[in-house]
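Copied from Swiss-Prot, the annotated features are:
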- Asn9: site 'Discriminates between blocked and unblocked aminoacyl-tRNA' (SITE)
- Tyr14, Phe64, Asn66, Asn112: tRNA binding site (BINDING)
- His19: active site, proton acceptor (ACT_SITE)
- Asp91: site 'Stabilizes the basic form of H active site to accept a proton' (SITE)
Amino acid sequence: MYVIAGLGNPGREYEGTRHNVGFMVIDELAKKLGMNVTKLKFKSLVGEGNFKGEKIILLKPQTFVNSSGEALYDAVNFYKIPLENVIVIYDDKDLDVGKIRIRKKGSSGGHNGMNSIIYLLNSEEFPRVRIGIGKPQKDLVSHVLGKFEESEKKLIDEAVIKAADAVIDIIENGIEHAMSKFNG
């Protein structure tokens, strides 16, 4: 069983913003896996299904990014998921737009949503897929809550598909394989 959480902010006003790239990947995964992420549970929109004999739980926390740990903590404890089967997908301002990075574990890198998750799970030992949103030209809040520039949209669309494929590869072949295949 896997719990896969994409970080983002709820509400129409945040759709398409840099901070919501995790939600975009969950939507792409749901499409690829034939799932609907519409049930409200664990302070999240949830989709449940099966893939290659594994139960898959997709989460879009509705707590706002900075409190994402609350939603993930509830789901992980309910399902008794080992942390190596918890995959978190989120935006990273330190990666160029459209780049993805997969890691087995690590710090928050200053991402407040990840700070919340690490604090509440009491561990940094879970896989994550980071999607580059580029360095802010202005203040950080305006950057992460801003929409992608027209010139960035193709890169992000491709990165969302690639990140979804990377998550599927983690499930099918393990994180080491996915890291060697998708980390550029």
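Just so you know, glycine gets a Cβ as well, placed from its N, Cα and C.
Close to the recorded tRNA site, the chain also has Leu7, Asn9, His19, Thr63, Val65, Ser67, Ser68, Gly113: residues not among Tyr14, Phe64, Asn66, Asn112 whose Cβ is within 8 Å of the site's Cβ mean position. Taking the Cα of Phe64 (tRNA binding site) as the reference point, the closest of the recorded positions Asn9, His19, Asp91 is Asn9.
Cβ crowding, taken as the number of other Cβ atoms within 10 Å, peaks at Asn9 among the recorded positions Asn9, Asn66, Asn112. Between the CA atoms of Asn9 (site 'Discriminates between blocked and unblocked aminoacyl-tRNA') and His19 (active site, proton acceptor) there is a gap of 7 Å, rounded to the nearest whole number.
The separation of Asp91 (site 'Stabilizes the basic form of H active site to accept a proton') from Asn112 (tRNA binding site), Cα to Cα, is 11 Å. Across the residues annotated as binding tRNA (Tyr14, Phe64, Asn66, Asn112), the two Cα atoms farthest apart lie 17 Å from each other. For the recorded site, His19 (active site, proton acceptor), the DSSP three-state label reads helix. Cβ contacts within 10 Å of Phe64 (tRNA binding site), excluding its own Cβ and spanning all protein chains shown: 18.
Under DSSP, Phe64 (tRNA binding site) is assigned to coil, being neither helix nor strand in the three-state scheme.
Sequence-distant neighbours of Asp91 (site 'Stabilizes the basic form of H active site to accept a proton') (same chain, 6+ apart, CB under 8 A from its CB) are Leu7, Arg18, His19, Asn20, Val21, Gly22, His111, Arg130, Ile131, Gly132, Ile133, Val144.
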